[in-house]
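As written in Swiss-Prot, here are the features:
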type	residues	note
ACT_SITE	116	active site, charge relay system
ACT_SITE	179	active site, charge relay system
ACT_SITE	206	active site, charge relay system
């Protein structure tokens, strides 16, 4: 792919770091997207000194702990943390001037990415360039998307005033479950400032997590929002996550039938707006097609595979974008929309501003069970594994949604031991 066709992302490093160091930390993502994205890493204009800039008195004192892990040559910042006390507003003039010069030389950019202190600067910059005056100053049109690692938000001054405190663009927030530098409450300030926020928890602290915990969903997010304007569906799209089929014993077959009946009730529930649609890949369609009744239209994403036979009442499309285009064209005659499929479909469904509900089968400890291996899925979709951290509907609401009152049935784990499976539903934040 030619460089001219690549998307460009501006990456803003954290406190007491540098663009060079941040580039190293994002190596896995850079390599994953080398053919489609160019990442740019400016270095903050403020040279930091451990003796002067690791001071108390700031609401973000804990950020100074990064000094212990940053080489002296990489200790740069966008402003000094002791200049930004809880009661003080800050105008980081040097940071804005430097970024304006940097963007003029290397931009404009499609997206913006930040870590820690860099998320606050990135969020404020993204808000500013929605204003024509500052689009001209920074030589940057509104960003199409943003990714925030360990983020927080406090308004920064520009020309002596706060101009925007809300972000109306797709954002992906990656938060460490064990972050002791920024509290969940502090991180929530940025989530709440974003109109279209997607949140993924990863099993790490205040850091860029291990590649398996973020690269695939981040790459899917960037690919979706950077390439072109994809179809937007006004209706809610729900994910259905089935249990993993571990064996084919008669007992397991019976239990699978219970789950099939449960999913059938969910998908075939009548809706006055039109016929229900279920989006799946070929494997999932072949497994569940017998339970799709006349009230359900199957929309199958072939992804380069050729169906053995072409079934009636089924629309085949080569990719997920084609599925969205079909749903957009016929959404006035569609009732409810469901996605049931492998990790790729689930991730795309979650990150494409479509999904409002997740319907999943879990074990008694709320551990997510999937068609993919637990390690793969917990890396891409860790919030499902830690369901208690997310808003869940009441049992009465779940019963109304599923059309039946029995929310549990018995299944087996990989060793054949019996486990209690539970139907649960999450609302997207």
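Cβ atoms are placed via backbone N, Cα and C, with glycine included.
Predicted, not measured: the structure shown is a model, and the values here were computed from it.
Overlay of Swiss-Prot annotations on the structure.
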| residue | record | DSSP class |
| --- | --- | --- |
| 116 | active site, charge relay system | coil |
| 179 | active site, charge relay system | coil |
| 206 | active site, charge relay system | coil |
For residue 206 (active site, charge relay system), the same-chain residues 6+ apart in sequence with C-beta under 8 angstroms from its C-beta are 116, 150, 176, 179, 180, 181, 182
Here the 10 Å Cβ neighbour count for residue 179 (active site, charge relay system) comes out at 20
Taking all protein chains shown into account, the Cβ-based neighbour count within 10 Å for residue 116 (active site, charge relay system) is 27
